[in-house]
Amino acid sequence: MPGPRRRLLGLVAALLVLLALLVLSVMIGSTAIRPSVVWDALFHPSADIDQFAIRDYRLPRTVVGLVVGVALGLSGALIQALTRNPLADPGILGVHAGASFAVTVAVGVLGVRDIRGYMWFAFAGALIVTLMALALGSTRHGRSPVAMVLAGVCVGAVLGGAREALQLTNPDAFDAMRSWNAGSIVGRPLDLVWPILPFLVVALVLALAVSGPLNAMALGDELAAAQGVRLAHTRVLAIIALTLLAGGATAIAGPISFVGLMVPHVARWIAGPHQRWIFAYSVLLAPILLLASDILGRFVMHPREIPVGVVTAFVGAPVLIALVRRKKASGL
Amino acid sequence: MSTVNFGRRVLVLRRGRIAVRLDWRPVVVCAVLALAVVGLAVLALMTGSYQLGPGQVVSALTGGETGLVHDIVVEWRLPRVVAALVFGAALGVSGAVFQSMLRNPLADPGVIGFSQGSYTGALLVILVVNGAYWQLVGGALAGGMATALTVYVLAYRRGVQGFRLIVVGIGVSATLGSLNTWLILEAEREQAMAAAAWGAGSLNGVSWNQVVIGGICIVVLLLSTAVLSRSMRQMELGDDTAASQGVRVSPARLGLVVVGVALTATVTAASGPIAFISLVAPQIARRLARTAGITLVPAALVGALLCLAADYIAQHIAPTPLPVGIITVILGGGYLGRLLFTEARRRL
């Protein structure tokens, strides 16, 4: 296991890479804009067309990428620690499907077209599905991670089908939902991030609070209980944090798969099995992955753009396959 | 010759030197399922905007009617009913093959990504080539087969292990799913709607032509499955045990993969992916017949019954006519949920 010094250095390096990507994400696009113009746009605003592009398009996109990335990465780390399943992903609990379904109901049935309106539906949908998976997965002997995950998969599949039924019977809803369902960080105004942000901060604090007990739970429920960990308490807090993070991210960006799966593994390779370090690394590595995928998506099919969710899926599936082909998936 | 008593009643059929031992319960269950299938088929042939009586349907089927009633029953409604039955049976058997081979009740050609692959192939044909129907079928078949091959090769590491095949399949499936979403995103609205409707799985506009071609393929594949089913039964005991019993495990497994994928791909090409039947039918069949493992004939009958019932609901009971795939997802997903909770509860 790497020493604390190396872990800290790695964390600093990750932070520097993230900062560099933030700058690149603002600068690079269909037209390259000089760094001086970027600087002016941020600190000496004027009516210049390039400044407009930066303030109204690239800056929100970058901020959304950062926030969504942090949320996805941390939610992935949480769910893997919670289920002790190295192949778990926030999508597995049906959170994405729940949010998608709620948004489709809002857009298609209730006619909520404003993104500020339907984002709350996504949030509520994600929350309800997680609670449902939790309730359905609970057994008499306390909540079991396996049953919970299976419950999430089922709920997700059923809600996915119901969403499809709604979309097919309502062409307008179908058209409006197409881009949201692909998972993208484009065209999401910053106003959309602010209401979600407090929830994400709360979730961040909760995640850090449960990281210690989750360490003990990695040894097994009985051992953790013997060490004085309140199992139910820890699980509930972790699941609240998980829902807020994954639900918030989905509300803003739509379903983006594989970020929550990949990042905690990379974090474990670098930082070893300590949950607090894994969480810290996930918080930095996930936005790195997301922003890099987004920048990549701007170039591959230039001048058209590929939504970041498609890029992460194409990067993520090989990682998943490599994981399962290794003799032993990195232990939890 | 004394018979071994397994503690349950057994039906023994003898004809000269050949004797067949059958458990009573599966035989009775299969008979009841077959009756239910026939009853539901007659009901489906009766129902529509022009209502018919059971007598009219039976006489139309036996050639006793001419004119409008004959056209409605034989030309319009029968192809769809036959398609639902044949496709449902094919999906049930395909699911049974995969679940038996991978020894996992969650193993399903849809979960492992073959349906997504077929969908990708069909989408490319619809959106890029703007092709005719037979091109769409070809695209779907090619896409499904290519995906199956990719998953098999990626999961291969000194043999194919069930768990690895499933996880690789989920990964490939998710990638193709996001690719499909993006393809629909890039398309014009009308094309995208058409593609999405096909992708939901629908028996709308199935004609005799398609039913006959698809049906012949499926019958051939079902016969091949029956031939392979003995090795399949042995392999449920584990690869080593099966090998020690004289089963050539690798060729048998490859054969089963090809047959299972081909069954799903044939159905997908004709109707779009109809989800969950292949997942649910073998499990329902196993519970009804109370057999220890996966059985093919009850699975086929349950598959046919489910598909026909889902199509009936999609056509006549839903507020607007829906693709049958949507109904199977909702019904099958609900059943699957119940099944998993009880299983998980028992095991944990």
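Each Cβ is built from the backbone N, Cα and C atoms, and glycine gets one as well.
The annotation transmembrane segment is assigned in TrEMBL to B:24-46 (among others).
Annotated transmembrane segment per TrEMBL: B:78-98 (among others), in sequence order.
Among residues of the same chain six or more beyond the transmembrane segment (B:110-130), those with a C-beta under 8 A of the stretch's C-beta atoms are 98, 136, 138-148, 150-151, 165-166, 169-170, 172-173, 176-177, 179-180, 183-184, 186-187, 191, 194-195, 198-199, 261, 264-265, 268-269, 272-273, 275-276, 278-279. According to TrEMBL, the transmembrane segment annotation covers B:110-130 (among others).
Long-range contacts of the transmembrane segment (B:136-156) within the same chain, counting only residues at least 6 positions beyond its ends with a Cβ under 8 Å from a Cβ of the stretch, are 112-122, 124-126, 129, 164-165, 168-169, 172, 176, 198, 257, 261-262, 264-266, 268-270. The annotation transmembrane segment is assigned in TrEMBL to B:136-156 (among others).
Distant neighbours of the transmembrane segment (B:163-185): 102, 104, 106-107, 111-113, 116-117, 119-120, 123-124, 127, 147, 150-152, 154-155, 157, 192, 195-196, 199; these residues of the same chain sit at least 6 beyond its ends, with a Cβ under 8 Å from one of its Cβ atoms. Sequence annotations record features per position, and here TrEMBL assigns transmembrane segment to B:163-185 (among others).
The transmembrane segment annotation in TrEMBL covers B:205-228 (among others).
The transmembrane segment feature in TrEMBL is assigned to B:292-314 (among others). Long-range contacts of the transmembrane segment (B:292-314) within the same chain: residues 26, 29-30, 33-34, 36-37, 40-41, 43-44, 47, 80-81, 84-93, 95-97, 99-100, 203, 222, 225-226, 229, 233, 236, 274, 277-278, 280-282, 284-286, 321-324, 326-328, 331-332, each at least 6 residues beyond the stretch ends and with a Cβ under 8 Å from a Cβ of the stretch.
Annotated transmembrane segment per TrEMBL: B:320-341 (among others), in sequence order.
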Query: Other than its close neighbours in sequence, what residues sit by the transmembrane segment (B:205-228), given a CB gap under 8 Å and a spacing of at least six beyond its ends?
result: 75, 79-80, 82-83, 86-87, 89-90, 93, 97, 252, 255-256, 259, 262-263, 266-267, 269-271, 296, 300
